[in-house]
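Everything on this sheet refers to the single structure shown next.
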Amino acid sequence: MSVSTIVSSVAKSRSAFLCQSVRPFTTVQNGHKSSQTSVDPSTVSHHSKLAENWWDDSGFLKALQSMNSLRVPLVRDGLFQTGAACSDRKNTPRPLEGLNIVDVGCGGGLLSEPLARLGASVTGIDASAELIEIAQQHAQLDPSLQNRLTYIHTLAETHACEAEAKYDAVVSSEVIEHVKDKHFFIEQCTKLLKPRGSLFITTLNRTTLSWLGGVVMAEYVARLVPQGTHQWELFIQPSELQIMLEKYGCFTKLLHGMCYNPLTDEWHWSQNVSINYAIHAVKTD
Amino acid sequence: MAHVSSLLFSPVANNISKKLILSNAAPAISSNLIQRCYLSSAGSHNYDIIIAGGGLVGTAMACALGCSKILSEKKILLLEGAPPKPITLKDTYSNRVSAINNSSVGLFQDIQVWDDIKGHRVQEVRKMQIWDASSPSLITFSDEDLSKPVAYIIENDLMQWALTKRLGDIPNSSVRYSSKIKDYVLPKSSSSDVPLVILENDEKLTCNLLIGADGVNSKVRSKMVTSVQRTDYNQMGVVATLSISDSTNNIVAWQRFLPDGVIALLPLSESTSSLVWSTSVEKAKSLVNLPEESFVDAVNDALLKEYPSNPFVESLLKNLNLAASVDCQIPPSIKDVQPNSRAAFPLGSTSVSRYVNSCVALIGDAAHRVHPLAGQGVNIGFGDVDCLAHQLENAVYQGYQLGRGHHLKIYQSERLKNTLPKMKAIHYLHSLYQSSFTPIVALRSVGLSLVHSMPFVKKELIKRANL
Ligand SMILES: Cc1cc2nc3c(=O)[nH]c(=O)nc-3n(C[C@H](O)[C@H](O)[C@H](O)COP(=O)(O)OP(=O)(O)OC[C@H]3O[C@@H](n4cnc5c(N)ncnc54)[C@H](O)[C@@H]3O)c2cc1C
Ligand SMILES: C[S@@+](CC[C@H](N)C(=O)[O-])C[C@H]1O[C@@H](n2cnc3c(N)ncnc32)[C@H](O)[C@@H]1O
């Protein structure tokens, strides 16, 4: 369905208004001051610049790649726990067969690909056209992904209009810390979910430690990620995120800290949520 | 294309061979062996995993991967250069046998070959006695009251037969014999290329993961970025099948350190034992060519002859209160050597700095060869199989493409952690026992006796030997 059909069919409703923002991603609509949006154009252009190194495992995004060892099992086992994934499928080649998952802010597809390999039908959406192209090119290297993975260059709010309540799971990993209007973003994510669907979010906490570890160490000292990748003021604390989720009918099932060792490039689950953490929330009926 | 090894047993009229023939009624020719593969864009056949080398370790790898439910949609190909050889288990024993530890038995159980192997003939070892010809020191290993085996002596042919038979039942893996590999083109790290395998007949195959199980002179390894360290011990291992005179309870494995080597006698049945004697190249060559009677005498001598024990060492052990508390038991004397069972193999050790590169992993002797002193060789290889199979399962269950991600590195670090200390210890033991120089004899005697007098340390040693 093209943007213009949506616009014409859904007249002047709020959602139709939101859907228009898909076009040039400008924040100025009909002469009005900025409309509500989940995207911060500067972060998108920043991430776009990293596009060509996205899948390079010695490049900046190394930590994001190795994070898969935690977040793929988080999603897989979380979906077994809610019963969305049938327990007969445990320890089979395609444990997530038959499930629809959207990866909001998928970037180059680091997380979308493994979820599709586990059998899910995955839609990856991102605000950056460059990254969507990188993701599409990379997916072609693995023929087994062909019918299971679709990438769309769009925003969360736009996709929420097109695919409301379509997904068994919404995954948004390392995105919300780049988003200014977090309430609005979470609202869009929950809108994409079916009742009893699961929302998986990983992000950075807003603590002194995360400022030291996530910004100063990672960007300036160890140069793990390029400078300017993170704005600490945008980081969100788990309790704030939980309250926000509840507002949109999602209740936290699990909150875990994630701990990174840059020397070995390994991630571990931890009690400590003061830098990186993951949340699994489930939408009520 | 797909060959099926003919697994035939010679019809000898006794119970054992009947049993062998019966179990061979399992489908030897299986449609499963029909090649399953698809044409890659480059026009070459593509597999998920190619295993180069169908020795004990490569075949066990193919079985372990094929038994995994998570990997059940992966297409696996085993390439072996040699033609399919009919494996014949005669009622006489083969001279190539291995001391199999309990971890390897665990793997055999997991891949469902243990019942087959055990149903034929394996000899349990309830006790090991290791002693020194030039000092009164000794060490024994056994479970308390000898109730559990510390190892099993199994013919290599029997293991190969059971593994090959099992592989025939696995739908997603196939074997090709007489498929010698001429060359490999391995991808550079971080490129999206995959390994290319070129056969002698110029056929090209590609795969997402290449496993090198091609033995001590591995060609896969020579194509990898890894440094190889070789040690030539200037020794050969003489093997033979022996009959022993008093056929009682033959459940002890004997290993005696001699001034010029190590002799080991491994039980095969009530009346037969297998010999592994490492000694100088000249002596090995002469042993193989001796008339049978003189050879038997030489073996008995090596096992039983009293060597003048070093008085200094003896008093040292006494002073340390380490004089052997358990009396040294006497090994059985040898009656005969089975005709044509004698052979000699060069002994060396090879160790490499890396077991993996992007999309490639080494297992078995391709990754490490050890002196057969401690009977660890093939066990370390089976340990590789178990570890690599688990890491690949984890990788796939986390949505990685085979050969990518950090799982190969985890395999490497786990195996290096396990193998390097063993290789060092074996090497060190070997150097220690090369000498009759008093301080060294003293050192090794005190070492053996100390270990023996400390049950805790001994338990630990047994545990490690079983890892
Ligand atoms: C005298 C002696 C006694 C031993 N005793 C013991 C013991 O008691 N206990 C123990 O644990 N270990 C023992 N070992 C060691 C043990 O035998 C080896 O560790 C084990 O057999 C190694 O198996 P592998 O499959 O890795 O290699 P191999 O058995 O060498 O198999 C390699 C296979 O690869 C194939 N191949 C090679 N190149 C190519 C190519 N280019 N194309 C296609 N195919 C190819 C070969 O044909 C071969 O089948 C002993 C070794 C010796 C020499
Ligand atoms: C740090 S990357 C994370 C990429 C991916 N989730 C991963 O973990 O590999 C953040 C991504 O979020 C995207 N993004 C930010 N806000 C977005 C929005 N409102 N809608 C869609 N994508 C957004 C950016 O373009 C960027 O690619």
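We count from 1, first residue shown onward.
Placed from the backbone N, Cα and C atoms, the Cβ positions cover glycine too.
The S-adenosyl-L-methionine binding site annotation in TrEMBL covers A:R71, A:G105, A:D126, A:S173. The Cβ of A:D126 (S-adenosyl-L-methionine binding site) has 29 neighbouring Cβ atoms from other residues within 10 Å, across all protein chains displayed.
In the three-state DSSP scheme, A:E177 (Mg(2+) binding site) is classed as helix. Under the heading Mg(2+) binding site, TrEMBL lists A:E174, A:E177, A:H178.
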Nonlocal residues around A:E177 (Mg(2+) binding site), in sequence order (Cβ under 8 Å, 6 or more apart): A:T203, A:L204, A:H230, A:Q231, A:L234, A:F235, A:I236
Proximal residue to A:E174 (Mg(2+) binding site) among binding-site residues A:R71, A:G105, A:D126 (C-alpha distance): A:G105
A:D126 (S-adenosyl-L-methionine binding site) - helix vs strand vs coil (DSSP): strand
Cα distance (Å, whole number) from A:G105 (S-adenosyl-L-methionine binding site) to A:H178 (Mg(2+) binding site): 10
Cβ under 6 Å from ligand 2: qualifying binding-site residues of A:R71, A:E177, A:H178: A:H178
Residues close to Mg(2+) site centre defined by A:E174, A:E177, A:H178, Cβ within 8 Å: A:T43, A:G105, A:V175, A:I176, A:V179, A:T203, A:L204, A:H230, A:L234
Maximum Cα-Cα separation (Å), residues A:R71, A:G105, A:D126, A:S173 listed as binding S-adenosyl-L-methionine: 19
Packing count at A:H178 (Mg(2+) binding site) (other Cβ atoms within 10 Å of its Cβ): 23
